[in-house]
Amino acid sequence: MAASSSSLPLLSIFLICSAFISFVPKETEARSYSCVSSIVSEKLFNDIFLHKDNNACPAKQFYTYSSFIQATNSFPKFGGTGNPATRRREIAAFLAQISHETTGGWATAPDGPYAWGLCFKEEISPQSNYCDAQNKEWPCSSGKSYHGRGPIQLSWNYNYGPAGKALKFDGLNNPEIVTNNSVIAFKTALWFWMTEQLPKPSCHNVMIGRYRPTQADLAANRTAGFGLVTNIINGGLECGRPDDNRVNDRVGYFKRYAALFNVTTGPNLDCAYQKSF
């Protein structure tokens with residue numbers, strides 16, 4: 001009798017999945033062939049996000065496992081590049097970053113402060129509409145707000161515009177879809193994670209070891225690791241500040257998730273001595 005996938009060693013699943021993807025014709029739509037579901041089971045997802053459906057969380061029942069997996073299928077290189085440890089570490093890092101962005105945790109929260117990711121789906125009481133009127137490539141639509149929404153808290157018209165173009169939704173005229181459609185919400189986070197926005201590298205390339213620092217990066221002490229990912233996401237507000245509570249929260253999530261994925265975190269967890277981009 002054939003063994004079920006749940007009884008296969010992780011390395012065997014990795015090899016089977018990698019071999020399967022390598023035979024997918026290039027002209028075939030890749031979104032059907034993500035391997036993330038072989039690494040992140042529904043049980044593990046629920047163990048990670050213990051309280052995402054708590055009554056206190058505004059995003060209750062919004063961020064489902066099936067939506068997450070469906071979204072990853074559009075990004076087959078996410079959690080699909082490198083050896084098994086590299087793949088698990090990248091997924092853990094991504095989930096840690098989106099957990100901080102959507103956290104509902106506090107120091108004495110039940111199960112600890114790092115069990116409350118995916119509690120929010122949009123920024124509470126935004127201080128502006130996040131419209132950069134100087135950006136003519138992605139002009140703001142009248143009456144629309146581009147405040148933080150979704151797992152990565154996508155913000156600004158210059159992010160909503162290209163994200164919508166890449167993911168086939170109208171990000172400038174209908175930014176609200178990110179809080180109304182959980183698959184699109186996860187896709188925006190993955191788009192941000194996978195997309196290089198020079199001079200910033202992609203978070204993906206940093207976590208899989210493909211980041212190659214420029215002379216400017218070296219001068220700014222932008223060393224590879226989880227801390228550089230934080231710099232990419234919110235470095236202007238959080239980096240270059242030793243012992244920043246926001247950075248520490250991101251690191252705390254990452255350490256918890258890395259343990260659940262049975263993988264090391266790697267070096268350079270914070271960006272305390274990095275200059276922002």
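Keep in mind that glycine also has a Cβ here, set from the backbone N, Cα and C atoms.
Please treat TrEMBL annotations as automatic predictions, because they have not gone through curation.
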Quiz item: The disulfide recorded in TrEMBL for C239 goes to which of C203, C271?
Solution: C271
Quiz item: Which one is it, C57, C140, C203, that TrEMBL ties to C119 with a disulfide?
Solution: C57
Exercise. State the disulphide partner of C131 as given in TrEMBL, choosing from C140, C203.
Key: C140
Quiz prompt | Neighbour count (Cβ, 10 Å) for C131 (disulfide bond) | solution = 21
Quiz prompt | Cβ neighbour count within 10 Å of C119 (disulfide bond) | solution = 21
Quiz item: Against which stretches of its own chain does the domain 'Glycoside hydrolase family 19 catalytic' (57-79) lie, if we need a Cβ under 8 Å and a gap of at least six residues from its ends?
Solution: 21, 30-37, 39-40, 42, 45-46, 49, 51, 87-88, 90-91, 94, 102, 104, 116, 118-122, 151, 167, 182-187, 189-191, 193-194, 204
